[in-house]
Amino acid sequence: MLTKTSFQGKLTKTENLFIPFVVAGDPTPEMTIQYALRLQKEGADILELGVPYSDPLADGPTIQRAAKRALNAGMSLRKAIQLVPELRKNGVEIPVVIFTYYNPVLQLGHEYFFELLEENGAEGVLIPDLPYEESEEVRALAEEKGIEFISLVAPNSDVRIKQIAEHARGFLYCVSTLGVTGERSGEMSADSLSFIKKVKEHSPVPVAVGFGVSSNDDVKLVREHADGVIIGSKIIRLIEDGLEKVQQGNENEALEDFSAGIHELVK
Amino acid sequence: MQVFPDIKGRFGDFGGKYVPETLMGPLQELEAALDEAMEDTAFIEEYHHVLKEYAGRPTALSYADKISEHLGGAKIYLKREDLNHTGAHKLNNAIGQALLAKRMGKQKIIAETGAGQHGVASATVAAKFGLECKVFMGEEDIRRQELNVFRMKLLGAEVVSVSSGNGTLKDATNEAIRYWVANCEDHFYLIGSVVGPHPYPRMVRDFQRVIGDESKEQFLEVETKLPDRIYACVGGGSNAMGMFYPFLEDEAELVGVEAAGKGIDTPEHAATLSKGTPGVIHGSLTYLMQDENGQITEPYSISAGLDYPGIGPEHAHLFQSRRVRYEAITDQEALDALKLLTETEGIIPAIESAHALAQAFKEAGDMSSDQTILINLSGRGDKDMATLMDHFQEEV
């Protein structure tokens, strides 16, 4: 039996979850807080706060561009974690999962990384380039600190699906198709759906589907088969669409457009 | 002797598989196919047959009498990988992996390239074995290595220009991995150096060890003893690993030579072991160049084949265990060594190889005349003519 973590405490439901992804500091830390508030208002259940990285192997061009903008604005893993209390102060109540590549974690040091997460009140962590076989120490530390270590499972995980799913914490991230992150429509095939079904059979936590979900139709389809939907690149593009307005000082207009876009996506 | 890598793909503290989950399946499939192939004498025989009949192996071991005399001190020998078909050691590995790809039933290969030598080798084996080939190359390298880009296209490969980052090898590798993630079911990723996730560092080493195995045999034949010191340049480190590996249990002193670019005390260098720190790059835990936040930084070298911010994990292990001594040579020192070899021996080496030459030339004079040096001349300088013309035009 899992002990109840603050993640679970804050999660108000375990199905029909909406899990958006934003890059911390894209285009500024202040705007990240505003976008997070808008996402919460549009029904987000968990926030994935992405840490920009110079060499993101699992990401497509949209998230790479966002990472570059955030790095240029001086964002780092430490600063992204320290953004969590700022999100709280401004009214973000949903669980926050720090999404980061492994090398920045390694440079901070495992122990210090988890101390920072705990101190700043982040509820989860997701490291896309730290597969099950390499993550033993990190998983143990996460467990010790009561922080959810989110695992990923892919359509070609094959015999690994059972092992990964059984050890899942928080929610289980189901990569819908082979490939990097990015907007794609209509790629949810019968194979994807049977894969999701298999994952759900083994998972003790909600199963959420991500990678390529970019339209209201995709969202509806995922909702029929999984417990949650994860949306990244499409959200980043909505942020990108408002960049000019933000630069011109029309933040409110950019945020209104963003809210409308999100509403259309997850209605 | 402890066998590296271990079952988890580690060389001591280094190596492993730090990749997105989507690649774990393909890597396990590759590992199983590799283990099976390396145990299959028919596969090994075919590999050596192609090396002999097509690549032109064994390559010569040349005694560099003029340069030995010029420098005084140790006798200097060159292992002539520049005489390998396509002009560098890269082809040995490309042949091995292409044969493995075919054995696995994969008809499409992807590769990344910096200087273009690995791209040319990949395009060559693709033509030879009837495979489709896509080569990822940074746009800055495409500019620097125009001739090799043309060679790849002539061989029927598609060259994909990568504009992210500085448009060099690091960025081409990221893009190749991202493409592989999306297309791993029917594509074989032909990595060009002893880098990347397990089992790549081991596989590339094992396909390149032919350099060291041949050298050992040839050296014993002419000198009746093994060399006292062996030098090889190190970017990702495949020519060095291929040369060093068969000598690890012997007494020969092994020297890996990195690119110090404009100097290791400037920000413009590619001296990963001399100046880097441990971290994860392209799926492997190794030494790399990074900032305090763990963001990977851009390396610099005059040689497009050496400006890679990481290094093979086995080199990181050999560095940590002190079995290999690593030194760094500047652009200028490499160019001086290149010119000296060219004028005294009539051999124009690749700028990569000139780094190994420069370090050996620095040390040869302090050694005695009964000592011997072996330098791995990893490739020829044809591809570097544009760069060399910029530097030497007025002198010649």
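Backbone N, Cα and C atoms are what each Cβ position is placed from, and that goes for glycine too.
Note that the coordinates shown come from a computational prediction; the quantities given were computed from them, not determined experimentally.
Copied over from TrEMBL, here are the features:
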type     : residues : note
ACT_SITE : A:E48    : active site, proton acceptor
ACT_SITE : A:D59    : active site, proton acceptor
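Cβ environment of A:E48 (active site, proton acceptor): A:I19, A:P20, A:F21, A:V22, A:V97, A:F99, A:L126, A:I230, A:G232 lie under 8 Å away, each six or more residues apart in the same chain. For A:D59 (active site, proton acceptor), the same-chain residues lying six or more positions away in sequence with a CB closer than 8 A to its CB are A:A67, A:V180, A:T181. According to DSSP, A:E48 (active site, proton acceptor) is assigned to a strand segment.
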